Amino acid sequence: MPSSHPLPPPELRDCPAPAKLNLFLHVTGRRADGYHTLQTVFQLVDWCDMLHFRRRDDGVVARVTEVPGVPAESDLVVRAARALQAATGTTFGAEIAIDKVLPMGGGIGGGSSDAATTLLALNHLWGLGLTRPELMRIGLTLGADVPVFVLGQNAFAQGIGEELTPVELPDSWFVIIHPKQHVPTAEIFSDECLTRDTPVSIIAVFAARTNKFDFGRNDLEPIATAKFGEVARALAWLKQHNQHARMTGSGACVFARFPDAKTAQQVLERLPPEWDGRCVRSLAHHPLAAFA
């Protein structure tokens, strides 16, 4: 229910929407409705889109920046704001600007993270007072990856990705490579060669491991690398520097962990010029965690 607390100032600027990495991703089955059941661990990192919000009193939700290839009406940010309106009956609206830096079709959750940041920021800006579980339920209607960003912690995920258990992960540095190739998620999941029967893992087994970054595999990786040559080449290059390099999500981004920022930066400096790369640090908590 909407909160009776005084409203904050009408504008929220520089609200981060962090990327995620899938440390592993196992496809364990397929439900009758066609959704795949998964197990994965989500790692948040400090590579972020930045969103800016201005409260409106007329109920209008308007995206005021262009996002190439994404019409405003289908943007998860706009849909998240309207889902929050529908769930609460608030009469407030918002103007939303997005500084988009996370690549689309990269497997790092950019659109889902933008939606979660919208839910968290507008929960605060509109004075709604919804709890984190309430926001997570709204987020799930927008996409299976949205709830983990609302949860705001690294997590072991099951089901279609919505059954979340927080996990402690060590402070880490990663190199992420985007091979400038868009990988359609639906195409990967619909491939007849996709492994769909990986045995179920137990969270305690993962949690007890000293090295949590060489656990399991990404079941989507063989499909994506067979279909998209640049993804395969980027992964092969990164494996020269860390044999446990792997793809995140359904691609196209690949990543590897390194012992410190200096080592990660040295690897990044050798990156072939045809790809984009980034040295990132792990996050233990979402920057907007206090908004729910």
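Using N, Cα and C of the backbone, Cβ positions are placed for all residues, glycine too.
Annotated active site per Swiss-Prot: LYS20, ASP145, in sequence order, evidence recorded as sequence analysis. If you look up Swiss-Prot, you'll see PRO103, MET104, GLY105, GLY106, GLY107, ILE108, GLY109, GLY110, GLY111, SER112, SER113 marked as ATP binding site.
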Cα-to-Cα gap, LYS20 (active site) vs ASP145 (active site), nearest whole Å: 10
Residues near GLY109 (ATP binding site) in space but at least six apart in sequence (CB under 8 A): ALA19, LYS20, LEU102, ASP145, PHE149, GLY249
SER113 (ATP binding site), number of other Cβ atoms within 10 Å: 27
Largest tally of Cβ atoms lying within 10 Å of a Cβ, found at which of the binding-site residues PRO103, GLY105, GLY107, GLY111: GLY107
CB-centroid shell, 8 A cutoff, ATP site PRO103, MET104, GLY105, GLY106, GLY107, ILE108, GLY109, GLY110, GLY111, SER112, SER113, site residues removed: ALA19, LEU102, GLY249
Neighbour tally for ASP145 (active site), based on other Cβ positions within 10 Å of its Cβ: 26
C-beta crowding around LYS20 (active site), within 10 angstroms: 27
